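Taken from Swiss-Prot, the feature ATP binding site applies to Gly9, Lys10, Gly11, Gly12, Ile13, Gly14, Lys15, Ser16. Taken from Swiss-Prot, the feature [4Fe-4S] cluster binding site covers Cys97, Cys132. Annotation comment: Swiss-Prot describes Arg100 as ADP-ribosylarginine, evidence class sequence analysis.
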Amino acid sequence: MTRKIAIYGKGGIGKSTTTQNTAAAMAYFFGKRIMIHGCDPKADSTRLILGGMMQTTVMDTLREEGEEGVTLDRVRLQGFGEIDCVESGGPEPGVGCAGRGVITAINLMEDLNAYGDELDFVFFDVLGDVVCGGFAMPVREGKAQEIYIVASGEMMALYAANNICRGMVKYAEQSGVRLGGIICNSRRVEGERELIEEFCARLGTRMIMFVPRDNIVQKAEFNRKTVTEFAPDSEQAQVYRELARRIIENDHFVIPTPMTMDEMESLVLKYGLLDLGEAS
């Protein structure tokens, strides 16, 4: 059965990079059949898998050719590791709702049976925080069964992760979606690992992987590749391999217990991310 996973996190935290590198590791090291469905109007969730190519989005095709023009041949491309790639896209700037575009694109892909049983994993790479109903759709309507949140030891990344968990709790009972863990995409913050581990414990989940910061990630991106394709024998490729393995073997799924604002403030104060002047 296809496992459907949504990756959330604060804007700029590295969701797309983490998703693509994890998917590439699953395909290359474990032979898994993967699809990435980008749910961001920037349509950049699959560019490393596709060698830097910006593909035609579902919403662009829908606007230009109508619903009958949206076929898998038009909007689905295959890249590294035979990973299938789809981008939702969004409305023209200043017009319409990008969240509605996510809803429309996912529904169209379901109608076309894009998430078929031949796939082992489908990843939904979702824009930023749970900011509106459209971007919360993978959680709200059970389009994804598993959620992983990309965070770091930075204050705003933790606040965003906590807010995402609050959104999950609202819909978890009706949709069956569960939190699979937190992926720490390290920013080299002092005490970062310990902070994330305590943060996860407060949420009732675990840090599924600590991804160290390594310049080879940027070098691979400059060459329009994932780390696995660019340098499969590198230490960082092995980090993504281990992250892929842990997700494949994960059986620890929970409804999180988000913190109150006072609890969040206490946590970041404990680790020196917020001084008392800022807190007042």
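Every residue number used here counts from 1 along the chain in the order it is shown.
Including glycine, each Cβ sits where the backbone N, Cα and C put it.
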Indicate the candidate from Gly9, Gly11, Gly12 with the smallest number of other Cβ atoms within 10 Å of its Cβ, considering only these binding-site residues. Gly12
Can you tell which of the recorded positions (Lys10, Ile13, Arg100) has the fewest other C-beta atoms within 10 angstroms of its C-beta? Arg100
For Gly9 (ATP binding site), what is the secondary structure state per DSSP, taken as helix, strand or coil? strand
Measuring Cα to Cα, how many Å separate Ser16 (ATP binding site) from Arg100 (ADP-ribosylarginine)? 20
Mapped onto three states, the DSSP assignment of Lys15 (ATP binding site) reads helix
DSSP says the residue listed as 'ADP-ribosylarginine', in three-state terms, is helix
